[in-house]
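> Mind looking over this structure? Questions follow.
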Amino acid sequence: MERKTVVVIGGGAAGMSTASRVKRLKPEWDVKVFEATEWVSHAPCGIPYVVEGISPKEKLMHYPPEVFIKKRGIDLHLKAEVIEVEQGRVRVREEDGEKTYEWDYLVFANGASPQVPAIEGIDLPGVFTADLPPDAVAITEYLEKNPVENVVVIGTGYIAIEMAEAFVERGKNVTLIGRSERVLRKTFDKEITDIVEEKLRNHLNLRLEEVTLRIEGKERVERVVTDAGEYPADLVIVATGIKPNTELARGLGVRIGETGAIWTNDRMQTSVENVYAAGDVAETKHLITGRRVWMPLAPAGNKMGYVAGSNIAGKEIHFPGVLGTSITKFLDLEIGKTGLTEAEAMKEGYDVRTAFIKAGTRPHYYPGSKTIWLKGVVDNETNRLLGVQAVGGDILPRIDTAAAMITAGFTTKDVFFTDLAYAPPFAPVWDPLIVLARVLKF
C-alpha cells in the first residue's frame, strides 16, 4: 500500500483532530503537524479561567505533545511557522532555520487571529489580546509583576464578557467598553441582552456606544480614551473580534468563501484538489438556512477535523453544518442560544412569532430553584422551531435539548409533547422548555 504524507498547518483542536483521525485509519502514513507556538491541542476557551486563577495554565493543553508523538505516531513540529505553501510543498520557519516539506494532502487548520484596532497605544506594555494560551501566560505574569487595580476590557462579545468576569472575580475595578448599543448584539435579541446588561452594571462600569480613540501611558498603559471620556487602566484586554487566517490559503489559490473564511464542501475539501480546511479558518453551512456561515466554535472545529481526517484516509463522512449553539456566563448568570434569533430569522425572510417567558428550574417547594428566561422563535408557516435563547440558571440542558430538537426539525407541537424527565430535585413538572412551546402555541 502506497504511503502518503499529510501535512497539517495548525496544532489546535481541529488540526490535532485531523491528524489523530488520519493516523488511526492509516497508521502507516506520515502525518506532520506544524504549530507556530509551543502549545498543542490547546484550549483557548480556558484562557479567562486561567486568568481568574481557577485553572493552571498547563491545563490549557488537552494532551501534552508526547501523547501525539509517542502514542499516536504524529510527526509534531512546535515553534514551526509555515510561511509559504505551494502545490505539493510547504516552507517552514523552525528554530534551526527554514525547511521545505512535501505533501500529498494538505490541511489548513491554522485558526483565526484577533482583530486588533489600529489605535494609538495598542502596543503599550499592559495591553493584551486573549486568543491563544501564550496570552494567558503573558497576562498572568503581568499581574504578578505589576500593581493592577483598574482593568479595561474593550469589546462586548463572549471573550470580552468572560475576561471581564475573570477580573471582577479577582477583585479588580473593571470597565467594559463597546461601540455597539448592546452587548452580545450579534448573537442575542434585546430581551436577553437587557438582562445581561443589568447584571454587568451591578458589577462593573459598562460603557456602550463609545468608540475607543487611543490608549495612553508612558512606560506602560495608564488610561483608555474614548469619544465620551477616559478611564484609568493598569491593564487592558482587547477583545474586538477575530478573523480567519486565510493568507496562506490565498497564496495557494484556495477559494475564499463569502464569509471571508475558506470555502469547504461537506467533506471539508477546499476548491484545490487534496487540500482540506477545518476549524476556525473554515466556513460551513447553517443547518436551518442552508447559507454559508462562519461560526468559529470549538465543538464544530473538533468535528470538522474528524471529518477532514476521515475523508483524507478514505472513509467518507459528511459534515452536516452548524446551528451556532453556544453558551457563556457572567458570574452566576448563564447565557446561551441555539439556532436563529428573531433578528436573524427575519433577515432570512421567515415570517416568525416569538415568546419570552420567565420560569423556575425546580418546583417552588424544592430548594435550589433558579430563575430562567427563555425566548423561542418559530416559523409561522410550518410551526417549526427556529431558535431558542436562554439566560439565568440551569440553562445548559434546555439549550442542548433545543439544539437536538431544531436539528430534528421539531414543531412547537413536537416540543410540547416531548417526554422529558421530571423529579423535584431536577426540574418542575412543566419544564421551562415545554412551557415555552405551550406559549408559542401550535
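Residue 1 is the first one shown; counting continues down the chain.
Just so it is clear, glycine is given a Cβ too, placed from its N, Cα and C backbone atoms.
Below, the features straight out of Swiss-Prot:
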type	residues	note
BINDING	A13, A14, E35, A36, H42, A43, P44, V82, D280, A298, Y422	FAD binding site
BINDING	R24, S41, H42, A43, P44, C45, H62, Y63, R72, N302, K358, W430, R438	CoA binding site
ACT_SITE	C45	active site, redox-active
> Restricting to the same chain and to sequence separations of six or more, state which residues have a Cβ under 8 Å from that of E35 (FAD binding site).
G10, G11, G12, G15, L76, H77, L78, K79, A80
> Between C-alpha atoms, which of these recorded positions comes nearest to K358 (CoA binding site): P44, C45, D280?
C45
> Which one, from the binding-site residues R72, K358, R438, has the smallest tally of other C-beta atoms lying within 10 Å of its C-beta?
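Candidates: the binding-site residues R72, K358, R438. Fewest Cβ atoms within 10 Å: K358.
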> With H, G and I counted as helix, E and B as strand and the rest as coil, say where DSSP puts H62 (CoA binding site).
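SS state of H62 (CoA binding site) = coil.
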> Tell me, by DSSP, whether R438 (CoA binding site) is helix, strand or coil?
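R438 (CoA binding site) sits in a helix per DSSP.
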> Going by C-alpha distance, which of the binding-site residues R24, H62, R72, R438 is nearest to P44 (FAD binding site)?
H62
> So if I draw a 10 Å sphere around the Cβ of D280 (FAD binding site), how many other Cβ atoms end up inside it?
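D280 (FAD binding site): 28 neighbouring Cβ atoms within 10 Å.
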